[in-house]
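Now, the feature entries from TrEMBL:
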- 36-289: domain 'ABC transporter' (DOMAIN)
- 384-405: transmembrane segment (TRANSMEM)
- 425-445: transmembrane segment (TRANSMEM)
- 466-491: transmembrane segment (TRANSMEM)
- 503-523: transmembrane segment (TRANSMEM)
- 535-553: transmembrane segment (TRANSMEM)
- 641-659: transmembrane segment (TRANSMEM)
Amino acid sequence: MKSVQENCSSSTASEMIDLEDQRKMSVFGRDKNVQVDWKDLTVTAEVKQANAGCCSKQTETKTILSGCTGSAKSGEIMAVMGSSGAGKSTFMNALTHRNVETLTIKGSINVAGAALKDDISKISAYIQQDDHFVGALSVREHLDFHADLRLSKESAQTRKETVDRILKIIGLDEIQNTIIGVPGLNKTISGGEMKRLSIAAEILTDPPIIFADEPTSGLDSHLALTVVKTLKALAANGTTVLCTIHQPSSEIFNEFDSLLLLTMGRTAFCGPPANASSFFAEVGAPVPANFNPADHFIREISKFKDLETGTSDRDTNETRIGQICDKYNDSKYASAMKNELIASNSGDKMKLMIKASKKFRPNPFYAFWKVLMRGMIAQYRDKTLAAIKIVQNLGVALIIGLIYLRPARPVQPYDSNDVFNSNGALFAYVCSFSFNYMFLVVFTFPRMAIILRREYYSGLYQLWTAIMADMLALVPFTILMPLLYAAITYFMVGLNPAAGSFFLQWLTLFQIAFCATGYGYLISALSPSVEAANAIASPLMLPMLIFGGFFLQSDTVPKYFIWIKYLSWFYYGSENLYSAQWENLGYCNTEFSDENTANSVVANADNAKCEEFYGAGTEYFSGDSVLKRFGYEPDNIERNIGIMFALGIGFRFIGYLILSFKYRSKA
Ligand SMILES: Nc1ncnc2c1ncn2[C@@H]1O[C@H](COP(=O)(O)OP(=O)(O)OP(=O)(O)O)[C@@H](O)[C@H]1O
């Protein structure tokens, strides 16, 4: 792995974006001449009143954007600026038609004169503020994955050449084999490299429009300039680039071809930055000499201007901002901009472009295969994570094995204590497996779901292919680990030595892991974050455990809860584990053995063996008597196998339905 110093050299490489590289970017012959217009754009949201009390449904309509009109042109990079809360993110969301479920959008948003709504995602890329990657992949593998899906109709050679070229353009060629890493878990590539990697994946198909939400946040000024220059180079090649940005340096600000200033949901200016300086001079707020114009504009349209010195207050500022917006609306700059809006049309050009974008959509089975392979790498490549998972499983197996250690089996038959202990070991199996495997998913899947959601929104694949593939990637682990686990505990605890019994134990442990991971997916799908998933996981697991039949008599359970018993894999899993153990095996009942009862013990081979090991009067009891105590029936083994498969699949399916509902407003 390269040192930080070595990695720094790649950022300088990205500055060497020459015209030749720019020219090469449009290799897919896409028509990129599209102008994005918005007219009288008003966005509102229903907001619950804080003083409305817990049960009140009293809401008010909040206007987030009000009557905004503007235009972003092909071949230009536009800076969308405004102070915090001005409405920049809402503006980007409205244009990209993402995260708009709770918003009411009025006015028109046209691309080349046509209203696209959801279809805008087919001809645009959205570089989001926060970067999410599968950390186990290398930089190159990440781009190869995106190239394989986004350019699946192109030849392997074209895909490779495209990735090579983009790596060079974006300045990541020198770290292409470096593992991306997971923040907080292991070493990662730098923040600037992550940002450029996000951009690289989005520009593989050379999209006509790029939306970038705060692409420079968290970067130092040098890296921020590199990122903006990269976006500018794309614009120079015909792409329409809209980019929200906070406090750009003068150098960065100079890179922008046009500027949109938003304040309190209104437009304070839209047009070339040079005109902005003229406009602010006309409204009595000229840019001071040797002052960063961006800082000046933001300050002038901020509600918080001069609050700290006491020379202004909120009301005065709001009135002043309202006047600036009104003056802009009546200005020659606004008229010039409105004259350039493209008249609404039938959208024939866009229909052709959207049709052409189909060549960038992969076959679902190919996508499934690619996501599965990536999921396998994510699960098994990271040695630290793999080691943690193995040590966790083996550690629990060893602890249970040591607590219930009984290596004497099969020489010496069980006595009553052994029955108690082996039942305890089986109970520990069910619980440890259920919790371990559920949390394995609850800790990892919510993070992966963010990536899947983004890629799904970017049109990389259909949701079912990705979710199924990702779920399948964990299955080899849930098959192999129970084998290792069963082998260790089996011999340490001295369980039923018959091969059939061992096999059924292994199968049952796999099925418990399969159900628990399925339940983990369901919980993760229900939760908005990793933290929420972790918080609700244990309370949701508890009823499954209690209804497993260990601590509750079914006939005393209130009728309205009985259905939980039928969803509890603890119940089916324990019945199969206990049946595997006791179906063909008995024990010597040492609890009641007594010299005085010796005469009542029937003479047979089993009883004789018990008396040989545990003294006269010790009687042999069949395993059925143990199963009866728990109400378990060996005849149910096949039924339980079927039900556990159905539960594991069912939990996953419901999880998938929840996610598809949550992601329904796909952009
Ligand atoms: N779905 C929503 N429901 C209610 N209010 C919302 C919603 N989305 C945004 N807002 C409010 O609208 C205003 C503008 O929010 P937005 O996130 O667009 O601002 P921003 O300019 O991107 O701010 P920042 O720079 O701090 O990210 C804020 O007051 C925010 O609380």
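From the backbone N, Cα and C atoms, a Cβ is placed for every residue, glycine too.
Between the transmembrane segment (425-445) and the transmembrane segment (641-659) there are fewer than 3 Cβ pairs closer than 8 Å, counting only pairs 6 or more residues apart in sequence, which means the two stretches are not in contact. A Cβ distance under 8 Å defines the sequence-distant neighbours of the transmembrane segment (503-523), meaning residues of its chain 6+ beyond its ends; these are 429-430, 433-442, 445, 471, 474-475, 478-479, 481-483, 485-486, 490, 495, 533, 536-537, 540-541, 544, 569, 572-573, 576-577, 579-581, 637, 641, 644-645, 647-652, 654-655, 658.
Same-chain neighbours of the transmembrane segment (641-659): 449, 453, 463-464, 467-468, 471, 507-508, 511-512, 514-515, 517-519, 521-522, 524-526, 567, 569, 572-573, 576, counting only residues six or more beyond its ends whose CB sits under 8 Å from a CB of the stretch. Beyond the ends of the transmembrane segment (384-405), by six or more residues, the same chain brings 136, 185-186, 421-422, 424-425, 428-429, 432, 436, 440, 477, 481, 484-485, 488-489, 491-493 to within a C-beta distance below 8 angstroms of the stretch. Mean pLDDT of the predicted structure over the domain 'ABC transporter' (36-289): 88.
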